[in-house]
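Per Swiss-Prot, the feature ATP binding site maps to 8, 9, 10, 11, 12, 13, 14, 15, 16, 17, 18; the stated evidence is sequence analysis. Summarising the annotation, Swiss-Prot assigns Zn(2+) binding site to 189, 197, 200, 203.
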């Protein structure tokens with residue numbers, strides 16, 4: 001069976017991408033990172049998701065890119081966005097170079113494990129301000145993969161697959177349900193804690209999609225109340 005490395009953060013998008021890789025016939029190898037994020041709740045979710053999907057190989061890598069700051073996801077002194085992302089602006093939750101570092105390490109793992117694909121949960125719709133979630137970024141990295149590795153120069157570079165890149169969050173929820181993703185086990189909240197906050201921008205986008213898709217029971221109580229107040 002062909003292998004695929006899946007970048008698994010523990011969030012809904014990465015979990016759905018992992019499930020898609022399995023549905024596409026790959027043996028999935030999960031890769032998660034301790035990069036200095038505010039909390040480890042998402043890594044606990046990654047473990048749970050990997051187990052639920054039957055992923056046997058799961059690598060955790062320490063790469064503390066948070067130590068030089070630059071993001072509200074890694075710097076507790078910076079407030080988390082909670083009122084929506086301004087169109088055309090890069091959100092404060094962008095972590096400088098994060099996807100570039102992660103995908104580079106995924107390429108290393110894929111080559112070592114002879115994996116023919118790398119599945120990414122990146123999305124260019126809900127977070128269109130992120131420069132490293134765009135199709136042209138992905139295409140450029142694919143070219144780099146072909147030039148920077150032994151398998152690449154031999155014409156067998158792993159294919160970067162981003163099945164959700166053009167999906168709206170509600171479409172991702174629907175796909176996740178079809179693929180059997182354990183949605184309640186995933187974690188998208190920017191804050192840590194026993195339960196998702198329901199206030200940060202990530203929670204709001206997720207809650208709105210869950211409710212629109214017909215699964216309000218998986219949304220936060222705050223998210224359900226906010227939707228009920230809308231005209």
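Backbone N, Cα and C define each Cβ position, glycine as well.
For residue 203 (Zn(2+) binding site), the nearest neighbour among the binding-site residues 10, 12, 14, 16, judged by Cα separation, is 12.
Sitting within 8 Å of the Cβ centre of 8, 9, 10, 11, 12, 13, 14, 15, 16, 17, 18, and not among those site residues for ATP, are the Cβ atoms of 7, 46, 49, 121, 186. Fewest other C-beta atoms within 10 angstroms, among the binding-site residues 8, 12, 189, 197, 203, are seen around 197.
Ranking the binding-site residues 18, 200 by how many Cβ atoms sit within 10 Å of each one's Cβ puts 18 at the top. Considering only the binding-site residues 189, 197, 200, the residue whose Cα is spatially closest to the Cα of residue 10 (ATP binding site) is 189.
When Cα-Cα distances from residue 200 (Zn(2+) binding site) are compared across the binding-site residues 8, 12, 14, 18, the shortest belongs to 12. A Cα-Cα distance of 16 Å separates residue 16 (ATP binding site) from residue 189 (Zn(2+) binding site). Residue 12 (ATP binding site) and residue 197 (Zn(2+) binding site) are 16 Å apart (CA-CA, integer value). Taking the Cα of residue 189 (Zn(2+) binding site) as the reference point, the closest of the binding-site residues 8, 12, 14, 18 is 12.
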